[in-house]
Every structure is written in structure tokens, then in C-alpha cells.
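Asker: Have a look at this one.
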Number of protein chains: 6
Amino acid sequence: MPMVTIQVTREGTTPDRDAPTNEEKAELIKGVSELLLKVLNKPLDSTFVIIEEVPLENWGWGGLPVPELRRRLAAGQS
Amino acid sequence: MPMVTIQVTREGTTPDRDAPTNEEKAELIKGVSELLLKVLNKPLDSTFVIIEEVPLENWGWGGLPVPELRRRLAAGQS
Amino acid sequence: MPMVTIQVTREGTTPDRDAPTNEEKAELIKGVSELLLKVLNKPLDSTFVIIEEVPLENWGWGGLPVPELRRRLAAGQS
Amino acid sequence: MPMVTIQVTREGTTPDRDAPTNEEKAELIKGVSELLLKVLNKPLDSTFVIIEEVPLENWGWGGLPVPELRRRLAAGQS
Amino acid sequence: MPMVTIQVTREGTTPDRDAPTNEEKAELIKGVSELLLKVLNKPLDSTFVIIEEVPLENWGWGGLPVPELRRRLAAGQS
Amino acid sequence: MPMVTIQVTREGTTPDRDAPTNEEKAELIKGVSELLLKVLNKPLDSTFVIIEEVPLENWGWGGLPVPELRRRLAAGQS
């Protein structure tokens, strides 16, 4: 009966993509379900996984939205 | 003061729809709010309900994304 | 595949209790699962429900923790 | 290490907008991160903030979806 | 910047335990963080993981609290 | 109608405490509710705040539970 919620920023792993691919999402679902089977003996058919894709401007870290945080890091400003 | 979050896959209850209708969402909001009033005496105006619609590929069960799970079940593969 | 999270304050429905009873929790689980079956045709065995009990001091409304909010309301202060 | 999730209805603060602006979201991220620094000494770079924008029809209060609740309030119906 | 929330029932993997052990929780944290590094190139130091342990009576499946669901399954009642 | 969930590790801001104090929680509730009033014109009485205190071993960062992460940082191991 595990419920796993994976929240990630909506961006791709390569420049030509703007979101995780369905293959990547399938890999996350498989990996986390098998992890719970291995560590806590939770059967695969008792595990729910939800992936939430969050727009970059809607995720904050260090007091800044991610795009601004990355802009400053790229400009060498901590 | 209850807070109810209902997460469902973004799909319709009939083939011609690809998401829950506003009427269905209203029925869920009404039903769950009245349930909390009945069971725990929570006034309707103290209950928040949020409905989150999750794309099918972003929901995993049995270690598979829902579309692949359903494809295998339809093909008789457990 | 619905996932329903019900967050309520940890208090009883009668003065002699300090939390919802197991019977009340069972009634909430039954009620919300049947609601999803009725409204969105979601089979009971595909619905997860989680009830989270939140200490009163950890729940805020109107800018105040619930105990202080209730104290002021009882004292006639809006 | 705080994790703050801010769920708001997807609407603008002025009639010409239909969602919070990036500036408003940046202000929320900055404000809540600095609040946690001030109150609990949590460094800014250890605080995640996620803003979730919920469609109006997906948010219920008083047993009604927000659009219907507002329609009734505007019509003087409690 | 992933945020992973793992909700599990508060029970042990062996009869003598009533909750996941710290070693099991560490294994879940390590496993899910490394999964996100492998699949989505998310650095370990940008991934938060929260494990929530839910009392058995607070988790519903099939319209029943888990203890009652298991009692019926054990008694051969579907 | 904002809903703000603040998840923090269950620890005190001074060595003699093992959790946030009620005063600190009240300050968080007040601060975040007033922030939403200021930035998005959300009335205080339409804002819910929930504070979740997470045991240190249940929070992971950098692939490690927080106690182990802090032990390594203190020992100069990155």
C-alpha cells in the first residue's frame, strides 16, 4: 500500500525536450515500485506512484524561482 | 477545517470525454463535504476540497504506467 | 486509481475524545470510496484513502492557530 | 530543509489576468523562504517551495465548486 | 530539485517490529535519490525525500481500513 | 482559498527543544497568511495552513537521512 509522489520540475534531460519523457516516467515508476518491494516487501500491485511536473517558475529554492536561481548561478552570483 | 485532496487520472467516464466533467467534480466536492459533515460534524464552510487530475502516463500501479498496465491486462498478461 | 487524502484536526466529535474514532475513520474511508465508485466508476479496490490527523496547534485559519482562533471566536472577537 | 507547498486557485489578482504572475510567484517564494529563515533559522538554500495552481472548478469550499460558490454569494444566496 | 514523498503504513517487515527501521528508511532514501540521479540526472544534493508513516486504521483500500481488509482477506472473504 | 503546507524536520531552534514551539508555529501561520493577503489579496479567513513535523530519520537529502548527512558534514565528509 505505498503511495509515492515524485515532484520534479517540468524540464527535459536534453536541450531538445521540455519535460520528462514517457520512457523516463516509466523508469521512475518501475524503479520506485521495485525499491519498495525490495526494502519493505510491498507487492508491486499495492504501490501507487504519482509523478507531478512543476513549471520552473513555480519551484523555489534559495528564496528564488528556479529560472532566476540558475541565471544567478550561471552569472557566478551565489 | 478538513482539507480533502482527491487525485484521479485525467480521463473521462465515457469514451467521448478525456477528463472528469465539471458536474462530476461538483458531485465529488458536494459528496465529500457532506460526508465530513455527517461523520465528523465539520461544517461545509470549513471544508476545502482540491481535485487533482493526473495524466495517465504520470500514474503508476504494479510498477507500470497506467496505459501500459491496461494494455497488458487487455492482452491477458498479468 | 483514485488517491484521496483527508486531513482533519486531531480532535474528537465528543468532549470525551481527543481524536476521530476508528469507526469514524472507517465510515470516511467507506463513504469516499463509494462516492468515487458512484461518480467516476472507480472500483473500490482501485481507491486508496489516507487520513492525516493534524494537531490543533499545527493548523492555521484566519492567520491564527485553531486553538487561538476558537478562543477569540468564543470571546466574541472576530 | 523545509518544504512549503502553496496551493492557490488559478486566477489573476486583476481582471485582465487568469493566473498569478511570475513576479507574484517570486514574491511568494522569497517571502515564505525568508519567513522560515527568520522563525526557524532555516537557511534559504535548504528550503524548497512549490506553487500549485488549481483550476477554479477543481477547488471546493462549502460543498460547492468555487465558481458556483461565488455565483451564489454574488446573488446574495448564502 | 525533486521532492519525493513516500507514504507507507506504519508496520514492520517482521512480526517483531511495528514500523520501518531506520536502516530501511535510509535504504529507501538512498534508492530513490539514486534513481532520480540515474533517470533524470538530478544531483543527490538537490533531492528531498520525506517518508510518512500512516497508522493502519488511517489507510483505506477497497472501501475498508487496512486492518479490516486484511481480516476479511484472511477469512477468505473478498 | 490558499492552502499552505509547511513541512519541517521535528527539531527545536535551540538545543533544549526537540520540536518547533507553539509560538513559532503561530508565527509561521501568521506570516504565511499575511504574505498571501499582501501578494495575492487572499483574505486571512480563506487561507488554511498545515504544519507537518517530520522525524529527522524520515527526511532525506543528498541520498542520506538527515542525521547521517549532518554527522558526515560535521566530520568534514561531503
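Note that Cβ sites are derived from N, Cα and C of the backbone, with glycine treated the same way.
Not my notes, these are from TrEMBL:
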- B:Pro2: active site, proton acceptor (ACT_SITE)
- B:13-23: compositional bias 'Basic and acidic residues' (COMPBIAS)
- B:2-65: domain '4-oxalocrotonate tautomerase-like' (DOMAIN)
- B:1-23: region 'Disordered' (REGION)
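Could you place these features in context, so I can see how deep they sit and what lies close by?
Answerer: All protein chains included, B:Pro2 (active site, proton acceptor) registers 23 other Cβ atoms within 10 Å of its own Cβ.
Sequence-remote contacts of a segment are chain residues at least 6 beyond its ends whose Cβ falls under 8 Å from one of its Cβ atoms, and for the compositional bias 'Basic and acidic residues' (B:13-23) they are 51, 53.
When the domain '4-oxalocrotonate tautomerase-like' (B:2-65) is classified with DSSP, helix, strand and coil residues number 25 helix, 19 strand, 20 coil.
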